[in-house]
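Below is one structure; the comments refer to it alone.
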Amino acid sequence: MSRSVLVTGGNRGIGLAIARAFADGGDNVAVTYRSGEPPEGVLGVKCDITDPEQVEQAYKEVEDKQGPVEVLVANAGITRDQLLLRMSEEDFTSVLDTNLTGTFRVVKRASRGMLRARRGRIVLISSVVGLMGQAGQANYAASKAGLVGFARSLSRELGSRSITCNVVAPGFVDTDMTRALSDEQREEIVKQVPLGRYAQAEEIASSVRFLASDEAAYITGAVIPVDGGLGMGH
Ligand code: NDP
């Protein structure tokens with residue numbers, strides 16, 4: 001049976017691979033996008049997750065066109081890398097507002113329908129950096145670590161209604177986000193990864209799809225590393 005799936009930031013990168021994986025599996029998939037054209041084959045809803053009104057509008061559109069969201073993948077995220085002493089208040093709060101508070105906004109809105117339906121799947125995209133830390137990414141790491149406590153609290157709040165909430169923590173994935181790094185930085189990173197390469201976005205998508213599947217019905221509050229061994233299971 002096809003489900004109503006929403007992927008935030010599903011217009012490119014990891015989010016697009018996740019959206020395609022669900023669509024290929026026969027689900028009805030909506031993605032948020034902020035500008036340009038949404039990808040073909042999925043429902044594009046314009047939404048900046050830092051704006052609560054846009055989040056509400058996006059949900060109304062998704063509900064109208066494909067029904068209440070049964071699977072939510074909170075994937076949208078940004079980086080604003082800077083060493084602490086040079087990190088501005090804006091660098092810090094904008095990353096927190098998108099990655100953590102933005103996730104709160106979309107999850108809260110999705111939980112309404114899921115509680116009513118007494119079922120649902122929530123998957124949050126964190127990062128190996130949230131668990132290990134990374135120089136120059138204190139803002140990003142704080143936001144991604146915050147998702148773990150958020151998800152685990154929700155798994156306790158929502159579990160009695162058969163709603164699962166899990167976290168996927170990717171390592172380094174070949175997308176626009178990491179293409180912005182210098183060749184030197186990229187080589188340095190690869191040296192630390194036991195599998196010796198970047199992940200393809202599709203390799204993150206397959207774990208997300210698993211967590212939303214019937215086979216994963218008894219998994220909640222988990223953090224699944226998909227990082228080529230970089231975090232050694234953390
Ligand atoms: P990209 O930079 O390629 O894409 C980011 C996505 O997030 C875009 O779709 C972007 O939309 C969306 N987005 C950003 N801010 C907002 C906002 N305010 N409202 C709505 N959408 C927004 O990143 P990746 O695909 O690499 O990353 C996806 C997720 O995976 C992120 O949360 C990232 O932190 C995480 N991750 C990535 C890793 C990597 O190595 N690439 C490793 C670990 C985690 P738009 O096109 O409009 O800008």
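Backbone N, Cα and C define each Cβ position, glycine as well.
Since the structure is predicted, the reported quantities are computational estimates derived from the model, not experimental observations.
Annotation source TrEMBL lists active site, proton acceptor at Tyr140. The NADP(+) binding site annotation in TrEMBL covers Gly9, Gly10, Asn11, Arg12, Asn75, Tyr140, Ala141, Ala142, Ser143, Lys144. As annotated by TrEMBL, domain 'Ketoreductase' applies to 3-176.
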State the mean pLDDT for the domain 'Ketoreductase' (3-176). 97
Recorded positions Gly9, Asn11, Asn75, Tyr140, Ala141, Ser143: those with Cβ under 6 Å from an atom of ligand 1 are Gly9, Asn11, Asn75
Please find which two of Gly9, Gly10, Asn11, Arg12, Asn75, Tyr140, Ala141, Ala142, Ser143, Lys144 have the most distant C-alpha atoms, given that the record lists them as binding NADP(+), and give only that distance in angstrom, rounded to a whole number. 25
Hey, which of the binding-site residues Asn11, Asn75, Ser143 is the loneliest by Cβ count within 10 Å? Asn11
